[in-house]
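Working notes for the structure below.
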Ligand SMILES: Nc1ncnc2c1ncn2[C@@H]1O[C@H](COP(=O)(O)OP(=O)(O)O)[C@@H](O)[C@H]1O
Ligand SMILES: Nc1ccn([C@@H]2O[C@H](COP(=O)(O)OP(=O)(O)O)[C@@H](O)[C@H]2O)c(=O)n1
């Protein structure tokens, strides 16, 4: 497999609706690098919990389900797929049931240990085969890849984030009002930031980027600038 133009790990963290997934995917595609959506992995385990009829707050049983689940997360930016027990669950994990239950499931230490180990293996494989990977989530710069070559913490006004999410939900056929989405975004912000294990927060050496006034191409351009400033973009030879 030919190497892309990114050398190393770019860690993108931040709250919901700041543009992590879209920006990370576009950045990775531009640099012919890999892309890892860690939120999709927490969502898939949450789906497994719901399917098993387990309460998201029943820690012991949540851990059992997480251990038994067969999760596959691919890292192709043009076709990022999430498989649970062999089935593509990409659409279902974005639904409201999973969104409502994902924060308590993600707060369980054993669930995080399992997934962090899995994520590190995917990152190691990407570095060996493609040379670079853009990883997005809540704890990438702080826990999953603390030695990432570039860490960016995306922010945006809650109102702007809720508007983006509402538009996205409506476009994918899910009824949503800005008020309801704003309430969900604020609930998850509070839960994810205050949990004991790996709370959402910027790494000390992260660059903060406020995306409120930017459109998506603007965010990607700012990220590309940072990648180039750090000397992480290399010209592919014979790739
Ligand atoms: N800078 C931006 N301006 C406007 N819309 C954006 C911007 N960044 C992302 N979006 C849109 O907002 C929605 C949420 O973005 P997403 O990348 O899923 O955020 P996150 O992964 O941080 O939750 C998507 O529909 C995306 O296209
Ligand atoms: N690295 C990560 C990624 C997601 N998560 C959890 O998973 C949830 C869903 O993440 P996501 O990135 O898919 O959610 P959105 O921001 O796209 O709505 C978050 O609210 C966190 O509770 C986490 O704890 N750690």
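Glycine is no exception: its Cβ is also placed from the backbone N, Cα and C atoms.
What TrEMBL says about a protein is an automatic prediction, not a curated fact.
Owing to the predicted nature of the structure, the values given are computational and were not obtained by experimental measurement.
Listed in TrEMBL:
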BINDING   14, 15, 16, 17, 18, 19, 20, 21, 22  ATP binding site
DOMAIN    10-228  domain 'Cytidylate kinase'
Smallest number of other CB atoms within 10 Å: among the binding-site residues 16, 22, that is 22
Expected list for ligand 2 (Cβ under 6 angstroms, binding-site residues 16, 18, 22) reads 16
Long-range Cβ list for residue 18 (ATP binding site), cut-off under 8 Å, min separation 6+ in sequence, same chain only, gives 154, 155, 156, 161, 211
Counting only residues outside 14, 15, 16, 17, 18, 19, 20, 21, 22 in the same chain, those with C-beta within 8 angstroms of the ATP site's C-beta centroid are 23, 136, 154, 156, 161, 211
Cβ-Cβ distance under 8 Å, sequence separation of 6 or more, same chain as residue 20 (ATP binding site); the residues meeting this, in order, are 12, 13, 14, 39, 136, 137, 154
When pLDDT is averaged across the domain 'Cytidylate kinase' (10-228), the result is 96
